[in-house]
Amino acid sequence: MLGVCYYPEHWPESWWARDAAEMAALGIRYVRIGEFAWSRIEPESGHFEWEWLDRAIETLGAAGLKVVLGTPTATPPKWLIDLYPEILPHAENGAARGFGSRRHYTFSSAVWYRESARIVTAMAERYGESPHVAGWQTDNEYGCHDTVLSWGPEDLTAFKGWLRRRYQTPEALNEAWGNVFWSMELASFDEVELPVRTVTETAPAARLDYWRFASEQVVRYNEMQVGILRRLSPGRFITHNYMGFFHDFDHHAVSETLDFASWDSYPLGFLEKFPFSEQERTRFTRTSHPDVPTFHHDLYRGMAGNRFWVMEQQPGPVNWAPWNAVPAPGMVRLWAWEAFAHGAEVVSYFRWRQAPFGQEQMHAGLNRPDRVRSPGGEEAAQVGAELKAFGALPENRPSPVALVFDYEASWITRIQPQGKDYRHEEICFRWYEAVRRLGLDVDIVRPGADLSGYSLVLLPSLPHVGEAMLETLKTTEAVILIGPRAGSKTRNYAFPDNLAPGPLAELIPIKVIEVASMRPALHAVGGEVSGHAARWREWLETDLPALASFEDGGAAVVATDRVIYCATWAEGDLLSEILTTIALPKAGLVPVDIPDTIRIRRRGDLTFAFNYGTEAWTIPDAAAKRFLLGGATIAPQDLACWEG
Amino acid sequence: MLGVCYYPEHWPESWWARDAAEMAALGIRYVRIGEFAWSRIEPESGHFEWEWLDRAIETLGAAGLKVVLGTPTATPPKWLIDLYPEILPHAENGAARGFGSRRHYTFSSAVWYRESARIVTAMAERYGESPHVAGWQTDNEYGCHDTVLSWGPEDLTAFKGWLRRRYQTPEALNEAWGNVFWSMELASFDEVELPVRTVTETAPAARLDYWRFASEQVVRYNEMQVGILRRLSPGRFITHNYMGFFHDFDHHAVSETLDFASWDSYPLGFLEKFPFSEQERTRFTRTSHPDVPTFHHDLYRGMAGNRFWVMEQQPGPVNWAPWNAVPAPGMVRLWAWEAFAHGAEVVSYFRWRQAPFGQEQMHAGLNRPDRVRSPGGEEAAQVGAELKAFGALPENRPSPVALVFDYEASWITRIQPQGKDYRHEEICFRWYEAVRRLGLDVDIVRPGADLSGYSLVLLPSLPHVGEAMLETLKTTEAVILIGPRAGSKTRNYAFPDNLAPGPLAELIPIKVIEVASMRPALHAVGGEVSGHAARWREWLETDLPALASFEDGGAAVVATDRVIYCATWAEGDLLSEILTTIALPKAGLVPVDIPDTIRIRRRGDLTFAFNYGTEAWTIPDAAAKRFLLGGATIAPQDLACWEG
Amino acid sequence: MLGVCYYPEHWPESWWARDAAEMAALGIRYVRIGEFAWSRIEPESGHFEWEWLDRAIETLGAAGLKVVLGTPTATPPKWLIDLYPEILPHAENGAARGFGSRRHYTFSSAVWYRESARIVTAMAERYGESPHVAGWQTDNEYGCHDTVLSWGPEDLTAFKGWLRRRYQTPEALNEAWGNVFWSMELASFDEVELPVRTVTETAPAARLDYWRFASEQVVRYNEMQVGILRRLSPGRFITHNYMGFFHDFDHHAVSETLDFASWDSYPLGFLEKFPFSEQERTRFTRTSHPDVPTFHHDLYRGMAGNRFWVMEQQPGPVNWAPWNAVPAPGMVRLWAWEAFAHGAEVVSYFRWRQAPFGQEQMHAGLNRPDRVRSPGGEEAAQVGAELKAFGALPENRPSPVALVFDYEASWITRIQPQGKDYRHEEICFRWYEAVRRLGLDVDIVRPGADLSGYSLVLLPSLPHVGEAMLETLKTTEAVILIGPRAGSKTRNYAFPDNLAPGPLAELIPIKVIEVASMRPALHAVGGEVSGHAARWREWLETDLPALASFEDGGAAVVATDRVIYCATWAEGDLLSEILTTIALPKAGLVPVDIPDTIRIRRRGDLTFAFNYGTEAWTIPDAAAKRFLLGGATIAPQDLACWEG
Ligand SMILES: [Zn+2]
Ligand SMILES: [Zn+2]
Ligand SMILES: [Zn+2]
């Protein structure tokens, strides 16, 4: 189904009814509203103005639309900040980050926690049982604009409390952080400082704890909102709209109390933000890289309940990337169908109409500022019509491949990358891309998730392997492909006693005795599989034979019957050979032969195919297929769907 | 005539008389002094020491030289800063920018305004009617070192007052800034914050207002100085020396109360600061790009009274660019003649003698620190001799082409560039260059300036088109060539109701329905005219036929009989074809065929030609010409002047 | 002899004895301990815990090892910082640099000076006469992490005092700094500000004085520690471990009171920090550039007593460079022998065992965290065995070539580089490299050092030539090769009255009348010698003929019988020709023909050769040599030593 994000407070009330009617006509079912409207709901402390919002909800409901209400905590109003300036977050340099945009709060502020509860309660009391309200979105894009980690006095106070609860004694803290290293030992928790603004690097264990603390605060804050909504709005779903490629807090942990996760999909903007090569950025300027949206679909589907929404879908050019292209014709439609193919329940476009004012005035909508449907709006209307003809989509089924994605791993490798181009998000994405290029579906799962039923499990880079993770690896029957740095750190950011891969040595008999980060260059490796390696190399102590070796004879890939270890950052060619020659045969999986700009995806008993390239693609054996969308030949930026 | 900048306070008094005699001998008529001498004039609060300056002026006057007195407000002395630390400006990060260099004041400080009036009054009372004082320079290079926008408490106070006067009610402010967008609404002017140091972008309308406020403060501050000088120094001219490529305040508005504008011409330094390509920087290392100085001549001639001075002319290497070349032999002479050809009354070299100490000790002068004439000084002497032989230069005449240059347009596109290489200064410069390459003279005018009499009017990029601008476009009979983003914003930094080009839709029936900023690459466009486009592209709704189209058929250039619209950032090849094939024929103008390193310019009934290249150039039909300077063949870095 | 750095406080006491035994077995004689252990020695103010350290020293001593004790002042503990927060250094932006890593103190703090004296006294009283203590290291790596220049209130106070003592009157200060330049004149020393955080550049003379002040504080602080140790620990040596390529203070001045200098050699890390080209960095990734360690050996040997130690030697990958390679097999051994060949008394590896926790957990040791010898440890053991077989090494003899290296020259050219790629450290290094490529040994000496006995003296870049320096140049009989900018500044950062080369005009009759910094490009020069120039060019007034000229005829190289002046930044090809064609013949020196990856070095009557390349090298006339190490053919990353 389709949805849309709408801001009644941005438009004359006289426009609302026509807007609602046009939404319904376009095939829209859900309308998200309210998440930036605090100053209109409570224009001064304790004085609420509900009537306008009552009428807005009523108008939408009268048109047959369902409302998703956003709690407005991403935009605390000026009077609140003036009453309690301690709510403001602080930058790494120690300066307060002021009022004037959004997300200007720290999760550490007790006052903010209380005030958030107050406004959420007020909204939930007013609308929790409204027949037009289908569900809730908590806040908006936690972490956007670097707002998870704050570096001010409130944060230090909260951090001290967190450490006290975690470690009980300063001795335990000193031990965990290795404070003896440079006479950093503390005699009491009062002596703790924020791990920032020092002469050189602070203890990595301290930084990891600060990140965990900050992430847990997001979890606790969201739980607070969820608790209120559950109590006052029974039967309505609760979700949060995560932002793509933001890994500063643990989305899995936040999602535990949600009904499902949703996310905000801006494929063209992400193309500029993710570390793609300039060649890739130029090639995919108007389509985005094919795996950018789907990586997130597969990630967020795995968060809660095997369901997800796209809460915000790019409908045209955005305003926030270094360059902002107009999507190639067809992409606004294609992205929606990719989402459905990957199991999305709802694709909700951001936004109904381009705002002619404010920070995001250069961000397109389904309608132009002059109330005419935009090019993206036309494509959305096509999706609306196709969906109506299509009928219900089948259930999501598990994929044959699981990729373990760990937020903590991102923090660990960012704290000490050791090589400046070692990026956790990048290695995870490239492994995902390699499997998708072979036509296989992937579930992205958290460490410790049940791995039974999978044929192949991928661990691109997992420095800390906890007990639950180890247990699932030991019990699954899947083939396991492990990337570099796995098991190289303990919970307290130290070397395991047995060196890397630490606990994974139970799965494969190797020991990492030396590691190098390598400056940009490709290094040939060869053997049973061959290709190129870069960035990272490990020297192994093992009796296993090398399946691929560096030119000096050092092993690059080794394997047991069921477990494969890659002791380097494998480039695409090597990764592809490891998969096709070693991993897939072991796992009993068969790759699909598709061009590199085609992607296929199965949902239930349907197969979807998408063309991100510049040339038409003809599906093999098309005559035997029953097409529900498209046909034997898929034009650029078009798609097809068939049974089976 | 020639001038020079001189600092008697830097040299032993015993040197002054010989210096003055040598100036006169070299052909110098004007000597600018005093603008950094506050600590010598008023060494402690209220205690003035005029005698040394009396003697310096007397010595210069006795040699037949005329003095231009600079008010010394660019360098408030330490005792003043210690008395009133609130004078200091503040950086964007909120830190005070301290004493120790120059321009350490904010225009927002009421104390500073009062103290400036006090020192200007004192100087004007002392020298306002001196027979040796020909005129005044207010302050020095407003805006240099990023000193227009200051971000401290004084600035916030002044900004609140400005907003109160402008908007009267907070409701009007909220409306103008679109504060409803993210609950940024304010209940009173006391709640206003500086639009800086926030979590993400602040409202663009707020930032534009802050820039206008800051620019108006410069205007008001300069008016204060001008008012005092007019009153106490009757009959003397008043000017200000603007710095090249500094667009943080509105030079047109500041110039309204001046007799004429002057500017500081450092062609080699600007080559490194302006966003030229590395190829251009290497090619023009020792000559600068031919259009860098002349762009400014044509700009500042249009400020006030159809006259201008070069107040500071580069005489050799400077000290402040990333690399500082020695000008190619001939350039110090050539630059002076280019200025005269473009209508300069005086070219004043900076500085008489290279200082052997202080921040600018690596900045050349007409003399070396050891009192010997420098290579640049020799060329200046040649200009002096040539001028003497030449006699009076004719009056400036209007050019056939007007280019509209708007400072506010620079602010608007810097606030939201939308594409990171969209630079207002660059598109204006490239349009200017394209016309100059065709041998045509250009007047650079402000929006709203009278456009009658021109054959061709250029609007390279004018996002906000005010009523006066629109009126002059509607009444001129000139052909009008309009570049991208024109009319795309209202006064309050919003979309016009009818979308871009807003009010310009009265001139040409088009509507911009979508825009893309494009990552670095060239895109071919073709049709009646062809070439390449880059950076920016608009999709038009129009019935006009495309004169050039993108490969996907979208229009790049459209035109009516009299108005041409370019819906993209045209590269040089495309721009040249638009001019020669469409605009010039419509305007009845004929281009002159010159190599790309030759520039010609008419002043009155004279024609000048300049050779910036590496090969000699022979003037066509030279036999028929009467040469006043040079002859039929112009050597590299040489020039010629003929009648007609 | 070999040494090692050891941290008993990082390991269970039960491991100490085995560690000590294994050290002795490996051939280690010296063990440096204690320099980061303050929090264990004095866990709270005034409460000392010596027993553990007593036992550690005893354990090492019992194994026949000698202890080098580090004073623990690089890591003031938290309780001390909390008592006296004014100890913290301040960044250029004015913010305190906090507790949590190391070197968090400013040399300006009187309290810190007193507290440092207290802890050094306590340690020296306890261990000064211990039979196991062979010597002392003061503090650790002065200047590391940019800790020489601090920018806080304590620093301003100290700076004012220093200026008062130096200049006596504000008039003298104003004169020295050229404060008249921009009305920067001060009426009293109280008005002085730190030369930072201003609108634009501050007076270069002020910045140079601030650097001198800061450097002298390091000297004074080190002298304080040395004084205490001399008094309480008679007969023990005192050294400091300098860090490579850190030039923020004058190492020569600090070394005056030491018995010898030592330094910390991390060749692979330095390869990434020094401005090598990317090609060089890739080529030498696993060996480092051959001249990186030896430049420092030759520099630090010249500090005090014609002796030096390598106090920390890289034993494998480090953790702090952008990329951290594993040294090529053989390099850990080769680097030790290079040090010995250059006169090192002791090469001490950092560290005994890789720490599994803390900031440097990715820094290799001679042992792995799991107590197994690392690959680097194996190579160190080979060196230990070879040293035992080798017997005593001969005395160091003076080299034929002296290169004058001046720390102040680094400050001067960093304060006003004039061209952004003019780097003092780089020109000195490249001149050193050029001579070493010709097989000649080099002594690196301070300005004013006795130059008698040398055949060739190099002054790559010496802007300020003091009286002592001039005197040694006038009295030496050596040929003198002078690079650009020589003698271009007075002591007060001004032009000399006679222009550059100032006092050196007594040696060679030239005057520099104009200078250009040149953007990146190679400029051909030719004549008796030819090659390429870049970055910097001077125009000379001289009657000397040009030995090489630029294409426009300007002189690039001129010479008298004994003095050669290079008026540009000579690239390697030109520099090599100047040396081989002009300088060496004049000096009576003969170059040795070696490939560019081979280096040779004589110590006493021995010659060493080292192969940094990828191919074996066969020594000419090998049959006639008696080899003490290796033989006629040197494999890559191997070495040989022969008599004669
Ligand atoms: Zn968003
Ligand atoms: Zn200037
Ligand atoms: Zn170190």
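Every residue gets a Cβ built from N, Cα and C, even glycine.
The annotation active site, proton donor is assigned in TrEMBL to B:E141. Long-range neighbours of B:E141 (active site, proton donor) (same chain, six or more residues apart, CB within less than 8 Å of its CB): B:A74, B:R103, B:N241, B:Y242, B:M243, B:F246, B:D264.
Positions annotated as active site, nucleophile by TrEMBL: B:E312. Cβ neighbours of B:E312 (active site, nucleophile) (same chain, under 8 Å, six or more residues apart in sequence): B:C5, B:N241, B:D264, B:S265, B:Y266, B:S348, B:Y349, B:F350, B:R351.
Annotation note: B:N140 (substrate binding site) sits in a coil segment as assigned by DSSP. If you take the C-beta of B:N140 (substrate binding site) and look for same-chain residues 6 or more apart in sequence within under 8 angstroms, you find B:E35, B:F36, B:G70, B:A74, B:R102, B:N241. For B:R102, B:N140, B:W320, the entry in TrEMBL reads substrate binding site.
Per TrEMBL, the feature domain 'Glycoside hydrolase family 42 N-terminal' maps to B:5-389.
Taken from TrEMBL, the feature domain 'Beta-galactosidase trimerisation' covers B:401-583.
Residues from the recorded positions list (B:R102, B:N140, B:E141, B:W320) with a C-beta closer than 6 Å to any atom of ligand 2: B:E141.
In sequence order, B:R102 are the recorded positions among B:R102, B:N140, B:E141, B:E312 whose C-beta falls under 8 Å from a C-beta of chain C. In the predicted structure, the domain 'Beta-galactosidase trimerisation' (B:401-583) carries a mean pLDDT of 98. Those residues noted as binding substrate (B:R102, B:N140, B:W320) have their most widely separated CA atoms at a distance of 17 Å. Taking a C-beta cut-off of under 8 angstroms and a sequence separation of 6 or more, B:W320 (substrate binding site) has the following same-chain neighbours: B:G269, B:E360, B:H363. Secondary structure at B:R102 (substrate binding site), as computed by DSSP, is coil.
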